[in-house]
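This report concerns only the one structure given below.
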Amino acid sequence: MGLVVQKYGGSSVADAEGIKRVAKRIVEAKKNGHQVVAVVSAMGDTTDELIDLAEQVSPMPAGRELDMLLTAGERISMALLAMAIKNLGHSAQSFTGSQAGVITDSVHNKARIIDVTPGRIRTSVDEGNIAIVAGFQGVSQDSKDITTLGRGGSDTTAVALAAALDAEVCEIYTDVDGVFTADPRVVKKAKKIDWISFEDMLELAASGSKVLLHRCVEYARRYNIPIHVRSSFSGLRGTWVSSEPIDQGDEHVEQAIISGVAHDTSEAKVTVVGVPDKPGEAAAIFRAISDAEINIDMIVQNVSAASTGLTDISFTLPKSEGRKAIDALEKNKGGIGFDSLRYDDQIGKISLVGAGMKTNPGVTADFFKALSDAGVNIELISTSEIRISVVTRADDVNEAVRAVHSAFGLDSDSDEAVVYGGTGR
Ligand code: ADP
Ligand code: ASP
Ligand code: MG
């Protein structure tokens, strides 16, 4: 039996009882003959609470110090989990991200993993211990400062360790039974997916299905690490995410035409009003944004009114980057040349994902029809080969997700999806 990496999210270790339950689960895997490396998130909503606290003492906390603060959340759970395992008579050692060899670039609050050197973890498991690793954190190769990997980053820690340790599988334990055709908190009739390809999962994750972080799926695809997403509260088989359907016994699993519907209310829209309609303007706007290290999502440029020669450019970005983007554009207003800026954080995005879209031309029309039947107005549209996304008012998002889910025949006709824990925050 080989090595398994298991990751437990915040809702799975929300309190002492949760930590003890997870400890038992880890010990079971060890008793079954596996070497076990467990990656843990901060307990419950600890990370959000620490961010709130930081904002109370400083409206724009310094990135370095915020990282130092946030990594404390995962350190609490890793130490408690190691204690709980020892209490069950098994040996366990906890490690910070830095001790586990998670090396990153130096972009605070959303660092990228550039290398993993898990020598201490390997030694620890070879000596018979269960290794517990704090998720979501690493150490910068250049500055040697502590970094965090962005919200939800423990998923990436788990897959990166699984790749570096050549693990058999990476199991992501969470508060639902797997990946569903929509967020079960919004669509009670969402169906659990047995198997999904890396490609479709990547699009769902990038479109807001936070059950897996998209960087984690990217990493898993690059190193071909199968992921098993499942509940830490039930013994059920979850969802396999891999390049090819894994052995399903007598079940016949094939690629669905539509994998699911994702939604995201964490973005905002910036509109740059009155931009001269001439070459170089878009380049200047997006240079200013990228120099501020802000990632943007959708972009639309309106047709200019011929009489004015001016146009408007809108783009979406994470709300958490809104202030920075506005500041960066204002600072470069002279060089870029525009009239004014508008900021709207009451937007939501709905995306339909499925590889079958490539060969089914009616999908786009059906998607828009479902939205119009639900009375939902569309503000922006973007597409990839296997995804269609629209931006709407934030208030319309839940209704729109349910309407699209039904229209594509994704509603389950048997059981309701179970959400075992978590606050959905
Ligand atoms: P964890 O704390 O375990 O990392 P997260 O809250 O990050 O858990 O992710 C699990 C949550 O993701 C679920 O509780 C669910 O509300 C949400 N979610 C969004 N889209 C989906 C989906 N398509 N399938 C399953 N869960 C989803
Ligand atoms: N605790 C971090 C967060 O809440 C990382 C994670 O849970 O994956 O974003
Ligand atoms: Mg998560």
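Each residue, glycine too, has its Cβ placed from N, Cα and C.
TrEMBL has this to say about the protein:
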{"type": "BINDING", "residues": "K7, Y8, G9, G10, T174, D175, R185, K210, V211", "note": "ATP binding site"}
{"type": "BINDING", "residues": "T47, E74", "note": "substrate binding site"}
{"type": "DOMAIN", "residues": "270-346", "note": "domain 'ACT'"}
{"type": "DOMAIN", "residues": "352-425", "note": "domain 'ACT'"}
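In the predicted model, the domain 'ACT' (270-346) shows an average pLDDT of 92.
Here the CA atom of T174 (ATP binding site) lies 16 Å from the CA atom of T47 (substrate binding site). DSSP assigns V211 (ATP binding site) to coil in the three-state reduction, outside any helix or strand. Here the CA atom of E74 (substrate binding site) lies 16 Å from the CA atom of T174 (ATP binding site). E74 (substrate binding site) sits 18 Å from V211 (ATP binding site), counting Cα to Cα. By the rule that a residue counts when its Cβ sits under 6 Å from some atom of ligand 1, the binding-site residues G9, T47, T174, R185 yield G9, T174, R185. Classification of E74 (substrate binding site) by DSSP places it within a helix. According to DSSP, G9 (ATP binding site) sits in a coil region rather than a helix or strand.
Binding residues for ATP (K7, Y8, G9, G10, T174, D175, R185, K210, V211) extend across at most 21 Å, taking the greatest CA-CA distance. Among the binding-site residues K7, T47, V211, no residue has its Cβ under 6 Å from any atom of ligand 3.
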